[in-house]
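Peer 1: There's a structure below that I have some questions on.
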Amino acid sequence: MSLSATSPAPFSASPAPDEPRRGSASMSRFDERFPWISWALWPLAILTALHKIWASYESGTTDDFTTVWEALNRFWSGVPVYSEDYTTTDPHYLYLPGGTMLLSPLSALGSFEAARALYVFGNAIAIVIALGLLSHIIYTARGWSETWLGSLSGALWPLSIIAVFNTEAVKNNLLFANINGVLLLLATLFLYFLLRDGVSSQVISGLALGLAITIKPQFIVLLFLPFFRRQWLSLAAALLLPIVCNVVGWVLMAEPQGFVDHLVPYLGEVRDFANSSIVGVGVYFGASAATIWLWRILAAVLVLIGAFTLLPWRRSTRHEDRVMWAFTTSSLLLIGVFLVSSLGQMYYSLLIVPLLFTAFLRRSTVHNPVAWLGVYLCLAIDSWYSDRWFWAGRIFETLRGTVGWMLLLVSISITALIWLLNRSTPPTLSGRHRKPADENKNPSLER
């Protein structure tokens with residue numbers, strides 16, 4: 001569903017139309033023509049979110065929070081945190097000393113049930129807030145609304161809550177009591193302030209990214225964005241905060257050397273279960289090392305192609321183009337980490353939700369069926385396990401996250417490459433602009 005009637009064709013090489021004049025017909029939204037839609041969507045959104053929170057109290061196959069709770073209690077009690085038996089297949093505590101320090105106030109509640117409830121509810125609320133912020137960014141980028149009230153009263157926020165809370169990612173993040181909801185909010189805050197001007201915005205964007213890196217170091221790849229936007233304050237804050245947090249956590253922790261002696265070697269191992277990374281599924285299916293490396297290199301090449309061919313849009317004079325660049329590039333880099341690293345769990349797909357919001361922009365790398373096939377595979381709540389077709393269902397479920405991420409890499413990278421080869425780069429803040437080849441041939445198309 002799109003809020004706009006205008007959208008480039010799939011894998012379109014032609015440029016997106018310029019920003020329309022405010023009040024023009026092309027800027028109209030269906031929720032302006034039918035204002036009751038927003039009111040109709042909100043009860044559905046609220047009940048959908050509440051149901052996922054309610055269902056999180058069912059006993060799942062995995063419980064990530066128990067290991068967190070026990071580790072935080074060990075931290076406060078002066079007992080070595082990294083003292084688990086990492087040879088078992090049970091969930092393990094994987095946070096760095098800095099992440100341990102940030103999460104440690106949870107143990108002050110004294111009650112496992114209260115802490116878990118707060119953890120689950122807090123992550124659910126974080127997802128809702130992140131979706132509201134993403135909706136506001138899209139509304140302002142499209143010129144649909146300049147105010148928070150105008151954007152948050154539209155249909156996109158409740159519609160996104162319904163859609164995102166009906167994904168495998170949200171279901172399992174809440175069921176397993178994982179922290180990815182908070183990480184999505186931190187990533188969204190990083191993107192929001194990255195796209196704003198001013199010293200304070202740079203610092204806040206860096207602090208948000210720094211917190212995310214402290215909790216989940218994989219977010220370090222997002223330093224690519226402030227680096228190429230030359231936002232040095234943001235870059236410095238994002239680097240310094242994890243360093244400070246980890247130093248403090250190391251000092252406060254009993255026997256912190258256990259992190260190096262026990263956890264770091266475990267993180268370098270490849271587990272052959274609940275692992276959608278290329279090496280994870282490769283080991284599961286018994287693929288050769290050469291085959292695994294071939295696919296990992298291919299994924300890395302696709303990430304590099306997409307990341308660097310999208311760079312011209314980072315300094316576009318059109319805010320909408322800059323939003324597209326930030327949302328797409330951040331998701332592209334994270335998908336690359338999920339695929340190329342030693343561990344990529346399918347519910348990590350929650351962190352690429354900003355990419356889906358670019359569907360509402362006039363130019364997007366997801367305006368094609370390949371991208372949405374990938375979205376279905378890595379985010380759909382459907383289960384393909386079957387008693388009748390046991391092995392077919394098992395193979396499909398094992399592979400679908402990996403294949404979905406690869407399809408998204410292909411969609412982003414090939415679309416961006418087509419834009420570049422068609423010479424449809426945008427006008428930039430430096431004044432440089434390459435018109436598309438079609439515009440050079442036909443003066444009547446010039447705007």
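Glycine residues also receive a Cβ, built from the backbone N, Cα and C atoms like all the rest.
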Peer 1: According to TrEMBL, transmembrane segment applies to one of these ranges: 53-72, 93-112, 273-292. Which one is it?
Peer 2: 93-112
Peer 1: Between the transmembrane segment (293-311) and the transmembrane segment (369-385), are there three or more CB pairs that fall under 8 A, provided the residues in each pair are separated by 6 or more in sequence?
Peer 2: no
Peer 1: Give residue numbers and ranges for long-range contacts of the transmembrane segment (119-141): same chain, 6 or more residues beyond its ends, CB-CB under 8 A.
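Peer 2: Sequence-distant neighbours of the transmembrane segment (119-141): 49, 52-53, 56, 65, 68, 106, 148, 150-152, 154, 156-157, 160-161, 164-165, 170, 173-174, 177-182, 184-185, 187-189, 191-192, 195, 319-320, 323, 350, 353-354, 357, 360-361.
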